[in-house]
């Protein structure tokens with residue numbers, strides 16, 4: 001982790017340091033000095049203190065070439081800035097680099113040393129002026145960052161190029177902390193999106209037991225849960241863990257069903273685990289790594305780690321810094337002969353010694369003619385500058401903020417020189433918050449409200465080359481500055497997987513649920529372990545791994561696979577189906593028979609049998625029966641607004657007209673035989689005019705009911721989607737139920753009245769009496785319509801209409817055959833009986849009664865003037 005801290009100075013404030021002075025290992029004076037702390041040595045050499053004398057200075061061992069490259073990159077950036085005329089012109093930047101030795105006490109000493117001048121004296125009484133360090137760059141672990149934050153003033157600006165802990169984004173705790181490296185929050189979110197992208201919903205996780213690993217993995221698990229990814233197991237490791245613990249961890253990995261393992265582990269913590277895995281054999285797992293090790297060349301070069309082939313993970317974007325390689329190769333002890341660090345570096349790299357007394361241990365004597373250009377090590381390897389570039393960016397961020405600050409101070413004061421004694425640390429901090437510039441690589445740098453820059457990662461894939469070596473291939477990009485759908489871009493065709501496979505590995509607790517099913521979590525298990533339940537009828541799921549089945553709209557129904565909603569079939573009694581055709585045939589048959597009967601009656605209209613049966617009412621009855629047969633056709637076909645109004649009103653009026661005619665014939669016959677005196681007024685009250693008026697009046701009442709019904713609430717087409725779930729029944733809603741049942745009730749009232757009157761006239765003489773046929777027809781009519789009511793209510797869909805048509809046809813045929821069949825039989829098959837003598841033949845009535853009936857029938861039916869003798 002690299003920290004950049006601004007420690008400004010106001011006026012001539014003085015301070016002194018107690019104890020031994022910590023001196024910088026690399027330094028150069030400038031108008032403004034930038035302090036830096038790197039762990040150029042990996043560990044301190046601990047000594048046992050006697051506590052009776054002043055402890056000696058702590059020596060550092062294990063020279064770290066990578067950290068030394070970071071320090072030289074800082075110097076390279078400063079010299080590049082000093083040579084520019086457009087950035088801080090007329091102002092030189094110096095540096096003071098301290099070595100923390102990877103030790104907390106040394107880090108504290110470095111933090112305190114930053115508050116003092118590099119030339120501070122050991123004397124307690126000799127003060128030195130406060131140094132002007134607008135920035136400090138350091139490579140430290142997260143804990144050291146907290147130390148710096150604790151020991152430095154609150155206005156001291158810190159810019160890290162290596163601290164990734166999301167905890168440092170807390171502005172309440174760390175208001176002056178910035179970084180040029182993305183927070184682990186973004187990396188964890190990127191890893192969660194990565195595993196989700198490839199469908200790995202069941203993974204194992206291993207993290208370092210440190211701030212880096214614990215915080216990063218906690219963020220990953222939270223982000224993974226939001227993406228629907230489950231963690232089967234979690235293990236924490238540290239570099240000091242025993243072999244037994246590591247073996248137990250390997251056994252957990254092998255027994256687990258998750259075939260993908262996310263390693264949020266520091267490089268130093270990962271190596272012991274990899275050594276155990278190498279000894280135990282390739283576990284056949286797909287590795288997903290964090291930036292700390294995914295581009296570690298030392299892992300890729302080790303043959304025993306070949307099981308890492310196909311590993312994927314995110315790393316910081318790699319850039320090329322022009323001139324850096326030459327600068328690194330040009331470092332030489334002669335640049336600062338008194339600098340012990342440069343001599344140590346040279347001796348370590350070339351395995352020689354400048355001191356003849358140590359020549360035997362080193363093997364050779366350093367001549368200074370050695371060349372770094374011919375070497376290949378971590379120091380001068382510029383093929384991977386992912387971290388070094390962050391140091392470079394941090395220095396430029398300081399320079400640009402100073403440039404902006406001093407430019408504004410110059411403009412405000414009107415002075416031409418850039419004074420370095422008039423700014424405060426708070427001003428530097430404020431300007432760093434607002435700094436915005438573009439690197440020569442084209443990357444725009446700015447800090448958000450948490451002190452973070454835009455998170456950009458490369459997706460790295462470990463691929464084996466033809467010669468067997470492992471190389472890092474960039475196969476994607478994660479960029480938080482892009483739109484959500486373009487944040488993660490992956491070129492999957494260029495990727496290889498564990499074991500060199502070309503197919504994406506599968507790591508799920510349960511197989512994906514196909515469309516048409518939903519996931520049902522298994523009781524007591526992770527949400528990623530589920531059963532696939534088929535969607536119920538009328539419900540669908542049209543995506544894979546749907547959590548719910550969605551109900552189709554009312555007019556839609558699920559298809560056979562339950563993955564699409566399709567329009568429900570519309571059902572109605574049509575002319576094309578068999579039942580509709582049969583009913584149409586019966587309707588037309590009834591119409592044809594009625595027409596034939598009317599033709600027969602018309603041809604024989606002057607015959608006694610036709611005249612005796614009131615030919616006028618007979619023709620009107622035949623006409624109404626024709627309408628009854630034809631109105632049944634309006635019930636067949638797709639219901640429309642007009643057909644719905646027509647079918648019920650036409651049927652109601654036609655039937656009332658029909659029954660009114662039958663009722664008139666019944667009344668005439670009944671009253672004719674009830675007249676017993678010669679002076680009876682029967683001829684006056686039941687003559688043809690009054691018969692017509694009776695039929696007209698009774699029919700008009702039904703017409704009036706229908707008009708009121710159609711006016712208030714007429715029938716209308718209605719899609720019935722409640723009776724059947726899978727189909728839509730297109731039917732006619734009656735609108736007003738009162739109107740509908742009033743029409744039927746009025747028909748029933750006339751039918752019952754007609755039946756009663758006909759029943760009373762059933763014993764009259766046969767030749768004159770057709771009441772028995774009317775009685776029988778009304779009996780059929782009433783039976784049909786009484787049974788119609790429960791059948792109509794209980795019949796579903798189009799069968800409701802079929803029942804209504806059947807009732808109309810049955811009652812119509814009953815009237816037609818019962819009333820007209822006997823007369824047609826006489827007219828066509830027994831013409832010898834179609835005579836007036838036969839019609840007026842002998843009866844069992846008394847002579848006087850028979851004479852009265854004769855006169856009545858002559859008047860009512862034969863239309864002859866009465867003649868009494």
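Just so you know, glycine gets a Cβ as well, placed from its N, Cα and C.
Checking TrEMBL for transmembrane segment across the ranges 714-737, 738-761 points to 738-761. It is 615-637, from the ranges 546-568, 615-637, that TrEMBL records as transmembrane segment. Taking Cβ pairs closer than 8 Å, the transmembrane segment (693-712) reaches residues 617, 620, 645, 648-649, 652-653, 656-657, 659-661, 663-664, 667, 735-736, 739-740, 742-743, 746-747, 750 in its own chain, all 6 or more past its ends.
Outside the transmembrane segment (773-793), and at least 6 residues removed from its termini, the chain residues within Cβ reach (under 8 Å) are 659, 662, 665-666, 744, 747-748, 751-752, 754-755, 758-759, 761-762, 800, 803-804, 807, 810-811, 814-815, 817-819, 822. For the transmembrane segment (805-829), the residues of the chain that approach it from at least six positions outside its boundaries are 573, 583, 586-587, 590, 593-594, 597, 600-601, 604, 607, 609-610, 613, 618, 621-622, 625, 628-629, 631-632, 635-636, 651, 655, 658, 662, 770, 773-774, 776-777, 780-781, 784-785, 788, 792, judged by C-beta separation under 8 angstroms.
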